[in-house]
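**Q** Residues or ranges marked as transmembrane segment in TrEMBL: 26-45, 52-70, 90-112, 163-185, 206-224, 244-264.
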Amino acid sequence: MELFPRIDTLADGKLDFKLYRYTPSFPAAIVATVIFAILSCLHIWRLSKARAWYFIPFTIGGAFETIGYAARIVSHNNKESVPAYSVQAILILVAPALFAASIYMILGRIIISLRAQHLSLIPVRWLTKVFVCGDIVSFSLQAAGGGIQASGTIEAYDRGEKIILAGLFIQIVVFGFFVITSGLFHRKCLKNPTLAARENAFPWKLDLKVLYTVSIIILVRSVFRVVEYLQGNGGYLISHEVFLYVFDAILMAIVMVIFLIWYVDHLQYKDGNEYDLEPCVVNETNSS
């Protein structure tokens with residue numbers, strides 16, 4: 001017995017495919033578009049003011065969310081429009097991967113700013129590269145799968161669905177490993193703090209808690225998407241619009257609000273040798 005049985009297959013074995021199994025809600029799409037547009041504009045303002053360029057992918061992700069839900073407004077009036085369906089499906093799907101790229105870059109900067117490279121599970125020179133590369137693979141697979149589905153045929157949808165699932169699984173694995181890596185670093189830094197960590201040179205503990213929070217939120221959203229795609233085009237989740245807003249739109253808006261309130265813009269370097277900064281470890285004997 002399958003854990004997530006497909007319920008989009010007819011008795012003759014053919015897929016019962018539809019772009020939408022409901023008429024997209026006009027009010028919901030309007031509200032989501034306005035909220036993401038406001039949040040994206042606020043992030044653009046904060047980005048330009050703080051010049052924290054590692055938030056560029058995050059801000060682009062907000063723009064993707066805005067455009068994606070705007071496309072659902074079009075779909076309300078013409079739910080058979082393949083271009084409108086494809087735009088909303090692809091952009092809403094891949095936006096969290098762009099959020100993740102900025103999140104991955106923040107961890108490396110926290111470690112370097114604390115001069116705690118020796119406490120990192122992965123060498124800091126490779127830390128951001130490893131996670132961002134995994135994120136790029138996930139993003140590319142999801143975008144490619146969505147692009148294949150955009151052709152609008154049953155066969156293309158089924159093939160694209162498998163590629164999207166691969167991308168989502170990679171995203172979950174990479175994010176899970178990221179949370180573990182962050183947690184291990186946090187534990188080591190509390191046990192053997194560097195001078196910067198001991199003196200709280202910046203709110204690094206809060207920064208890590210923010211990373212944990214947004215990472216778990218995005219993980220929940222990714223798990224929802226996996227279950228949704230495993231159920232197929234005729235599945236319960238994809239057939240009820242409310243789940244998209246509860247487990248995707250609202251969660252991603254919360255992530256954007258969190259980073260708007262706790263904008264991690266104090267982790268910037270003025271030279272190009274940040275990887276060569278020497279760790280500054282507290283001497284427990286002298287500090288007591």
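Easy rule for this one: first residue shown is 1, then count along the chain.
Every residue, even glycine, has its Cβ placed from backbone N, Cα and C.
Since we're looking at a predicted model, the values are computed, not measured.
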**Q** The transmembrane segment (163-185): which same-chain residues, six or more beyond its ends, come within Cβ distance under 8 Å?
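**A** Contacts of the transmembrane segment (163-185) (Cβ under 8 Å, skipping residues fewer than 6 from its ends): 93, 96-97, 100, 103-104, 107, 111, 116, 119-122, 127, 131, 134-135, 137-142, 144-146, 148-149, 208, 211-212, 215-216, 218-219, 222-223, 225-226, 229-230.
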**Q** Counting only pairs 6 or more apart in sequence, are there at least 3 Cβ pairs under 8 Å between the transmembrane segment (90-112) and the transmembrane segment (244-264)?
**A** yes
